[in-house]
């Protein structure tokens, strides 16, 4: 029942995404399939009319046939370009849905390693697991084609069931007996059963080795990327890894070959049985049709229609069973897919607009803030209360795992509190429009990402940007001279993904571009969340000091387990095990026995 519900949901989702595509596809396949049946339908009638010599009827049939053929062929041809476009759009939307879900889900799920791994499995499964939404969509045109041809074949077999002239005598009456048709139907059902069992066994085998195939393919694709990556090429050559990587490729190929050989052997055994049954049915059916025509039960022209229709039914029936069995073969794929798609989405998106203030007078007050990650037994933050005034500089320090970054993510509403609240100008921040609230913060994270786009676009995080403003912010962070060396200035690409003349930045240059991005946004709150963690303490201090000069009267937060920013901050908040254990100025805390004094004494050599 659960499996049926999943596949019903999958078909509903596919229809929602591609209703125009599937509607046009059905019309086109129906037109294209009808051409085949149209030919033998009119051929059988022409033979009958030739037999009686009715030239007027022959002319009429030819005109009907050519007219219908032209209409169906023209309709099919005209629809093809539109169908191709809709097919491409539908496939892209299906592949994009999990990534769009990542943006809609609550951020602490998107920020979770299990969620990222699940997304990776979905991505790999889309191209390798038969019950994935993507491959169901790929199979639908084939399935529709076989179903329509089989249905039309059954319709055109009606004369065989209905019968006509009952003139035969004696022992040949059995040819027109309904028992013959019943035996024939039983034979078809046995063929269907054989085909279904064979397809299910193949599908179950694929299910049992699916994870192994994915692992092999993942390793194969990963090493292919290494071999084609310029940066990896240096290590590969220096450490002479070519032979090892080549050996791994051979092992992956051999493993895939062995699995596919087993699959082919299993499929072949059942395919032989299905083919034998199908051929026996075929011969028996042709014999029955031939005898009925010879004995006068059917007009001679009907042999063309009935034999052709029967051929279509027997050829397409196994394919329908095979396609359906493959689609139903790996329901666990959909279980995982929908477990991912059903992860909770952002709830508190708010509706209040945020007042635009030229003086940036925004006050933040935090009351009894606590947060526990989903599935965790202990709180990451517990009962935190604090106020932050406009224009001040705050250092948030503590050892790794003390809750600093989680606190900042709550402050920016990337996470929703488990309890307590964050007020902006005395109003619960969750009541404000989420998109407008995000506009209050300019952030440089530790794991910031520069895109393979133009320098100006990276600074503005937009295709369109103000060149003067972008240049000014890059100058403020000390990259003016570097810009002058670039071949196309702000129009120079990072990396070579889109332009062979693209440049590669050093770590320090990339950090400055990230800070320039924060300045370009010009938000009232500036946050540096350990973007310089990879640098030595002295270099980090210089960058923080430069950034402090630039932000001027904005409210700034400096997050670090090192204390380089503390001396020029107005207040310091010391975190330990999810709580604020100390708060005050650098001078106050450094002379006060406690955690901050211990941290400072351990690092003071770098800042004296």
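From the backbone N, Cα and C atoms, a Cβ is placed for every residue, glycine too.
Automated prediction, rather than curation, is the source of TrEMBL annotations.
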Which stretch, out of 107-132, 133-158, 211-236, is listed as transmembrane segment by TrEMBL?
133-158
With TrEMBL as the source, identify the stretch among 178-198, 241-261 annotated transmembrane segment.
178-198
From the ranges 44-61, 62-79, grab the one TrEMBL calls transmembrane segment.
62-79
Quick test of your reading of TrEMBL: among 270-298, 299-327, where does it put transmembrane segment?
270-298
Using a Cβ cut-off under 8 Å, which residues of the same chain at least 6 positions beyond either end of the transmembrane segment (133-158) come close to it?
10-11, 13-14, 18, 22, 25-26, 29-30, 32-34, 36-37, 40-41, 90-91, 94-95, 97, 126-127, 305-306, 308-313, 315-317, 319-320, 323-324, 326-327, 334, 337
Should anything in the same chain at least six residues away from the transmembrane segment (21-42) have a Cβ under 8 Å from its Cβ atoms, list it; otherwise answer none.
14-15, 61-62, 64-65, 68-69, 72-73, 75-76, 79-80, 82-83, 86-87, 89-90, 140-141, 144-145, 148-149, 152-153, 156, 304-305, 308-309, 312
